[in-house]
């Protein structure tokens with residue numbers, strides 16, 4: 001979701017790198033790109049690739065992604081008329097929807113990220129939720145985001161990390177995903193910052209580019225990858241969003257049924273969280289997160305509504321890891337969500353009271369350890 005940098009005007013160049021282009025607006029329809037979902041009872045997991053190729057070839061389309069676990073289906077480049085023809089001629093297709101832009105931005109920058117060694121700091125949000133203890137479990141945090149940048153404060157599992165962009169590197173070029181990873185699991189190593197589940201392994205599932213922009217089709221591919229490779233007790237963090245997408249919502253719901261728990265950002269539009277995917281998704285292993293500031297005060301930018309929101313977490317002036325071994329202080333439900341992801345990884349989440357000033361009723365519960 002959109003994030004707001006809280007640091008000085010010297011880093012405007014960083015902002016220009018991180019901000020999506022004007023043509024890439026959140027929820028914008030992507031021309032000639034469609035996601036098609038098969039009827040699960042008609043197409044098995046092992047048949048998904050062949051059926052996707054057959055469907056696309058029938059109308060001269062190019063397959064861009066194939067999904068076999070979270071959903072069975074594919075994404076392809078083709079005009080709207082070809083989609084209609086393909087659906088008419090293939091009874092195995094349940095539905096198709098036009099692809100949309102998904103973002104982790106735009107980002108408003110006002111300052112220069114910190115670079116260099118510093119004494120270890122426990123950010124206020126980590127302290128508020130009771131995080132910071134060394135992680136001793138065997139599970140993984142999957143960060144579905146802009147990638148992760150190598151950092152001394154992160155236990156970054158590069159071997160399982162993967163990009164679903166044309167740029168096949170999972171390395172972060174934006175900063176957003178690295179910041180999320182640090183809040184979840186920055187090491188307690190005597191320097192830098194400490195995360196909620198300190199030292200837990202983090203895997204980059206890169207679905208957003210250097211501008212913080214991607215597509216529903218690419219995000220679904222990332223969710224499908226987690227559904228294939230994650231295991232019960234793992235946590236997937238999705239600090240991103242776009243318009244309403246039935247396919248993306250269903251992918252998250254299905255993936256969570258396997259035991260991977262999903263932490264989803266509610267969004268930063270000061271509106272009902274039911275207006276955005278995947279934040280509007282609901283399920284027993286799905287948790288949508290709003291944001292609050294110091295003093296448990298509602299963050300004015302945060303989306304609201306219960307359902308789908310399950311917890312509120314610290315999301316204003318959150319310090320965490322950044323590019324080039326540095327640190328940055330930014331705000332948004334993107335920053336609140338990894339607090340909950342870390343709590344889910346560390347164990348059960350309990351109530352730490354409720355936020356004040358929530359525009360919806362009842363007020364969101366603050367999740368703590």
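Cβ from N, Cα, C; glycine included.
Where the annotation comes from TrEMBL, it is an automatic prediction and has not been curated.
Residues annotated as signal peptide in TrEMBL: 1-23. According to TrEMBL, the feature domain 'Inhibitor I9' maps to 34-103. Look at TrEMBL and you will find 143-344 tagged as domain 'Peptidase S8/S53'. Taken from TrEMBL, the feature active site, charge relay system applies to 145, 176, 334.
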- Task: Over the domain 'Peptidase S8/S53' (143-344), work out the mean pLDDT and round it to an integer.
- Result: 98
- Determine, to the nearest whole angstrom, how far the Cα atom of residue 176 (active site, charge relay system) is from the Cα atom of residue 145 (active site, charge relay system). 7
- Message: As a test of the contact definition, list every same-chain residue at least 6 positions from residue 145 (active site, charge relay system) whose Cβ is closer than 8 Å to its Cβ.
- Response: 104, 172, 176, 177, 180, 204, 205, 206, 207, 208, 237, 238, 239, 240
- Note on the structure: One residue among the active-site residues 176, 334 has the fewest other C-beta atoms within 10 A of its C-beta, namely 176
- Note on the structure: Residues in the domain 'Inhibitor I9' (34-103) per DSSP class, helix first, strand next, coil last, are 23 helix, 27 strand, 20 coil
- Mapped onto three states, the DSSP assignment of residue 145 (active site, charge relay system) reads strand
- residue 334 (active site, charge relay system) - helix vs strand vs coil (DSSP): helix
